[in-house]
Amino acid sequence: MQHHTWQGSFTCDICSKVYCHERAYRKHLRGHSEQASFSCSICQRRFKHKGHLNQHIMSHTGEKPFTCPSCVCQKDFVQKDELVSHMQTHTEKRPYSCSFCDKSYWDRASLKYHILQHHKVNAEKMCSECHKYFQCEAHLQRHMLIHYGLKPFECPVCDKAFRYKSSYKAHLNMHTEEKPLTCSLCDKGFTQSRDLKRHMLSHTDEKNFDCSQCGGKFKHKHNLIRHISVIHKAEKPYPCPMCEKAFAQKHDFMTHMRTHSGEKPFSCQICSRSFGAKGTLRTHMKVHRKRVPKEHFLYHWLVVVGGADGADWLPRFRQSTPGQLWQQ
């Protein structure tokens, strides 16, 4: 099942994700074998959700249930996202903008043709996926990591891997408990600058993100985006293929789909209970925080960081001192 795209990389034959470390690649494959329980009877491809399988089968039958409502073309499509993409051709919206001039296009192919023909750039320095142009080839190579899913910086403590060295270094601070970034108001430490910026908002009542439709104010940009999608936009582009519900946010749609599949990917490291939503796991963890002291660093290292079996280690913490545990 191992498929190489170039030297030193491993591509998943199921979802096309690319990994530069074989260990991460093997771990990813296990995720497919454990979760993809719906198989196509025609090509044997497997899917996590029955709704995704039903959509895939239409590619074999030729069925195209999504029709463009425009009276001009009446084109049919297999998937709804294909229809949504096509609908942009009937509007003024052109999401693909040229970085050299003010022209924009409906699709990537048209943008690429325009850049090569009118700006005479070196095609070797243009991203083959999104057609962004780079003056330096090294910057292009760094950018390509985004599209290929490569994460060359792998943590020696856990299985996490990172695309950029800066993210990798920030992650290592979590294992060493180093927090080089400190809040100037309360001396609280952080490993990453984005966490510090988010924390600084807790010291102020400023809400710099305004809703242009109702005047509502928000501290965080993602809260404003969610507000607009849920409150002001009637459209819900994520319909559930199993029931009649539809969702404005992809995150809410994915959480809902787990109620049909029974998938519970968020597991408690202490008692092994599993949950379908991350928020439910956070609520559950409050029960354990009352039992295990925060200062018990060894517990944090073995269970949270090291991935040890929480159900096995918790009784030892209750009966042993930290010094005795190092010898177990």
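Residue numbers in this text run from 1 along the chain shown.
Any Cβ shown, glycine's included, is placed from N, Cα and C.
Note that the structure is predicted; figures quoted are calculated from it, not measured.
The following features are taken from TrEMBL:
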type	residues	note
DOMAIN	10-37	domain 'C2H2-type'
DOMAIN	38-65	domain 'C2H2-type'
DOMAIN	66-95	domain 'C2H2-type'
DOMAIN	96-118	domain 'C2H2-type'
DOMAIN	125-152	domain 'C2H2-type'
DOMAIN	153-180	domain 'C2H2-type'
DOMAIN	181-208	domain 'C2H2-type'
DOMAIN	209-237	domain 'C2H2-type'
DOMAIN	238-265	domain 'C2H2-type'
DOMAIN	266-293	domain 'C2H2-type'
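Long-range contacts of the domain 'C2H2-type' (238-265) within the same chain: residues 35, 48-52, 54-55, 80, 226, 229-230, 274-277, each at least 6 residues beyond the stretch ends and with a Cβ under 8 Å from a Cβ of the stretch. Confidence annotation: the domain 'C2H2-type' (125-152) carries a mean pLDDT of 70 in the model.
Only residues 6 or more beyond the boundaries of the domain 'C2H2-type' (38-65), in the same chain, are considered here, and those with a CB under 8 A from a CB of the stretch are 14, 32, 76-79, 240-242, 257, 260-261, 263.
For the domain 'C2H2-type' (181-208), the number of residues in each DSSP class (helix H, G, I; strand E, B; coil) is 11 helix, 4 strand, 13 coil.
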